[in-house]
């Protein structure tokens with residue numbers, strides 16, 4: 001009996017579907033003038049695609065290491081899984097966090113929670129912008145939900161570290177501050193990019209993520 005129980009999850013592992021690049025829910029040029037089409041095309045079809053491909057390769061190698069019981073190989077593959085898996089997770093959220101005709105302020109429960117946890121929307125916006133500007137090198141600024149404490153929290157993650165996997169916070173809104181997200185348009189002036197991105201935030205998406213994680 002116990003061996004049968006073990007076989008099922010291993011079978012799932014063997015027959016796992018490969019990760020694929022998600023389609024953008026809008027055209028590459030849809031976020032202009034705030035984020036130009038060239039950036040969006042490179043960011044999605046090159047950068048995100050590379051994370052997906054490398055994640056599939058790393059998982060394949062990990063599967064082989066598991067089958068062989070090679071713990072050393074499993075451990076050595078962790079950084080690749082974290083980096084490429086994080087890159088895939090983060091960007092999949094990021095594309096849906098943005099939309100043409102976005103911006104403004106959220107409504108309903110999310111807005112109430114923002115006021116409760118940050119004092120005002122302006123205060124929240126200022127804090128998330130400051131945390132994102134302050135990321136050294138590459139990384140992300142996040143609005144996350146702390147399920148244990150029942151409150152919203154702002155956090156920064158280095159490189160492609162995924163928010164939930166590294167902090168336990170559930171990701172609601174991510175701002176990519178890798179240079180590939182803005183350099184072609186904003187050069188090295190990250191604050192200008194951060195000022196512009198608020199015009200394309202998809203508050204409906206952020207609100208629905210918030211509603212889901214509160215259930």
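Each residue, glycine too, has its Cβ placed from N, Cα and C.
Since the structure is predicted, the reported quantities are computational estimates derived from the model, not experimental observations.
Features reported for this protein in TrEMBL:
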type	residues	note
DOMAIN	18-98	domain 'Manganese/iron superoxide dismutase N-terminal'
BINDING	43, 91, 176, 180	Mn(2+) binding site
DOMAIN	106-209	domain 'Manganese/iron superoxide dismutase C-terminal'
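Long-range C-beta contacts of residue 91 (Mn(2+) binding site), restricted to its own chain and to partners at least six residues apart, with a cutoff below 8 Å, comprise 43, 44, 47, 48, 51, 176.
Its own atom aside, the Cβ of residue 180 (Mn(2+) binding site) has 13 Cβ atoms within 10 angstroms in the protein chains shown. When other Cβ atoms within 10 Å of the Cβ of residue 176 (Mn(2+) binding site) are tallied across all protein chains shown, the result is 25. Taking the centre of the Cβ atoms of 43, 91, 176, 180 as the Mn(2+) site, the nearby residues of that chain (Cβ within 8 Å, site residues left out) are 44, 47, 48, 94, 178, 181.
Summarised by DSSP class, the composition of the domain 'Manganese/iron superoxide dismutase C-terminal' (106-209) is 54 helix, 24 strand, 26 coil.
With helix defined as DSSP H, G or I and strand as E or B, the domain 'Manganese/iron superoxide dismutase N-terminal' (18-98) counts 58 helix, 1 strand, 22 coil. When averaged over the domain 'Manganese/iron superoxide dismutase N-terminal' (18-98), pLDDT in the model lands at 97. Within 10 Å of the Cβ of residue 43 (Mn(2+) binding site) there are 23 other Cβ atoms, across all protein chains.
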